[in-house]
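A quick write-up on the structure given underneath.
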Amino acid sequence: MTVVVRGLDVALGGRPVLKGVSLDVPAGSWTAVIGPNGAGKSTLLRAVLGLVSGDGEVTVAGADLGALRPRQRARLVAYAPQSPNLPVGMTVFDYTLLGRSPYIPHLGRESTRDRAVAAEVLERLDLTELAGRTLDHLSGGEQQRVVLARALAQQTPVLLLDEPTTALDMGHQQQVMELIDQLRLSDDLTVVTTIHDLTLAGQYADDLVLLSDGRVAAAGSPEEVLTQATVEEHFDARVRVFPGPGGRPVLALERP
Amino acid sequence: MTASARVSQARLRAVPLAVALVLLAGTLLGGVLVGAAGLPAGGVLRALADRVPFVHVDSGLGAVGENVLFQLRVPRALMAALVGGMLALAGAGYQGVFRNPLADPYLLGAAAGAGVGATLTIVLMPGDPGYVVPVAAFAGAICGVLLAYVLGSAAGRGGGAATLVLAGVAVSSFLAAVQTFLQQVKAEELQRIYSWILGGVGSADWRQLALVAPYALVSTAVLLAHGRLLDVLSVGDEEAASLGLSAARVRLVVLVAASLATACAVAVSGLIGFVGIVVPHAVRRLAGGSYRIVLPLSLLGGAAFLELADLVARTVIAPAELPLGVVTAFVGGPFFVAVLRASRRQVDT
C-alpha cells in the first residue's frame, strides 16, 4: 500500500526535529531513509506510527493514519524499533505472538489461528528451532530476526524498520537485508527502513530519502541521491562513489 | 502441523497450579488446627465436616470450642490468606505496570496513606474505634495512591512510569511525615499506633472479612484478566503502542485494581512487608515469567505464605504473638535467598 507523508512537522521538547517532511512510498517498494546522526530519521518513523505527535498528514493507501484507532493502525503498519525491549525470560514464540496483539480482543486470548500465524512466521524466518529459546539467549543476528518475526506476525501491508542492521556483522547484515527483500517481494510489502550504511541502502532500496537537519535534502533513486557532492555536503565526509552491481552506487571513504 | 506446533506459549500449567492449591489448602488447615485453645485436631476436623451441607457429625468440641474455632480461628485463617493473596497479587500487578521486579504494592503511597488514616482515627477517637480504623486505613491508602497518580500524571505526559514512581516517593514521604507528626502529638497512643503499623490479623472476624471481601474479589478478577496485556506491556510503552495497545490505559486500570487490593490488605492487617515482592519473584523463578502465570500463582502463593507466617507468629512465643510483619521479613528473607539459589532459571521481569 502506498505510504504518503505531506508537510510533516515534529517538535520534540520544543525543538523542531522534522520540518515540512514529505515523501511518497509507492506500494510494494522499498524506501530507505538516510541521513547523518540526529537528522530525524527515527523520529520520522515514529511520527508515521503516531508514537510522537506532529502536524502534517500521513496516509496509508489513502487512509489517514492519525484518524485510525491504535488497533486498526497496528493492522496496517508494523514497526521494529532500533533498540527493541526484549523481555528477559520470554521465549521467541511468545515474543512473536505479541505481534498478534492488534487482532486479539482487549481482555481476550490468542486464538489457534494467532498461534498458527506465529508458528508460520517463525518457520519462514528459519527460527522454528529457536521457538522455545528465551530472548536473552540469542545472538545479535537472531534477535534481529526475532524482532522482524514479531513485526511480520502483525501481517501488515507496511513495515517500518528502524536500523534493522545495526550491530550486525557484514554477513548478517546481508542476510537480514536479503530476508527483508524476499519477504517484500513474496508478500507485496511496502518497506520503509532507516539505515546509516549508505552502500547497503543503495544496494537494496528502490528509493532513497536523504534527511538532513529535519528536512528532505534529496530524494530519488540511489544513483540520483548518492552522489559525491550530496554525501560530502550533508555527511561532511570525503567519499568516492563507484558504480556497483546493476549500476547501484558503492561508496568508499577517502582520507582527506 | 510441523515441528513448530510442539512449542506452545507460556501459560499456567496444571502441575504448578496444583502445587500452589495444595500448599494453600495445607497451610489453611494448619491455621485452623493450631491454636492457643488446644482443640483436638480430630474434633476440629469433625466440626469443619459438620459445616459441609448434608453432613452431620458431632465434633465433641462443646460450645466454647466451637466458638473458638468458628469465631476466631477460621476467620483469622481466611483473613491471613486474603491479605497474603492480595499483597502478592498487587505486588505482581505493580511490577508488571512498572516493568520492575522490585516494585512493591506500597510504591505509590498506599502504606503511608493508610498509616495516616489509621493514626488519625486512633488519635482522634477516644476508646476503641473498632471498625473505623480499617475503614480509615482503606480510605487513606486509596487517597495516597490517588494523590501520587494525579501528581505524577500532571508532571509527566500520559502517566509515564518513572514520573509516577517519583510522585509516589514524594507522596509517601510527605504522608509519612504527617503520620509521624500525628503520633508525636499524641505520644500516649504510640503503642496502639505501632501495633497497628507492625501488622497482624489477630483481630480478624467475619465482619472485617465481609468488609473487604467484595473489593478483594473485584480487584482479583480485574488483575487476573490483565495477564496478557501486562505481557504486551513488557516491551515498553512505545512498542506496546505500535502493537495497538495504550500503555497508559492498561497502567491505570491495573494500578486501580492493584491499589484496591493493597488497600484491602492494609486496612485489615496494617503494614506487612515483603510478601508483595518475595512471592511474585519466587513464582517467576519457579514457574515462569509470563504474567498469566505470575498473577494467579502469586495470589495462591501469597495466601499460603502469609497463612504460614501467621501460624509462626502465633506459635513461636505462645501464648504471646509476634507481629506478622516481623515474621514475614524473618521467614521471607532466608526463603527468598533459598529460592534464588535453588533456581537456575534466569527471569528478571
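Using the three backbone atoms N, Cα and C, a Cβ is placed for every residue, glycine included.
The transmembrane segment feature in TrEMBL is assigned to B:77-94, B:106-125, B:131-151, B:163-182, B:252-279, B:291-312, B:324-343.
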Can you work out whether the transmembrane segment (B:291-312) touches the transmembrane segment (B:77-94), with the criterion being 3+ CB pairs under 8 Å where the paired residues are 6 or more apart along the chain?
yes
Maximum Cβ pairs under 8 Å to the transmembrane segment (B:163-182) - stretch from the list B:77-94, B:106-125, B:252-279
B:106-125
Quick check: do the transmembrane segment (B:77-94) and the transmembrane segment (B:252-279) share at least 3 Cβ pairs under 8 Å, counting only pairs 6+ apart in sequence?
yes
Where, among B:106-125, B:131-151, B:324-343, do we find the most CB pairs under 8 A to the transmembrane segment (B:252-279)?
B:131-151
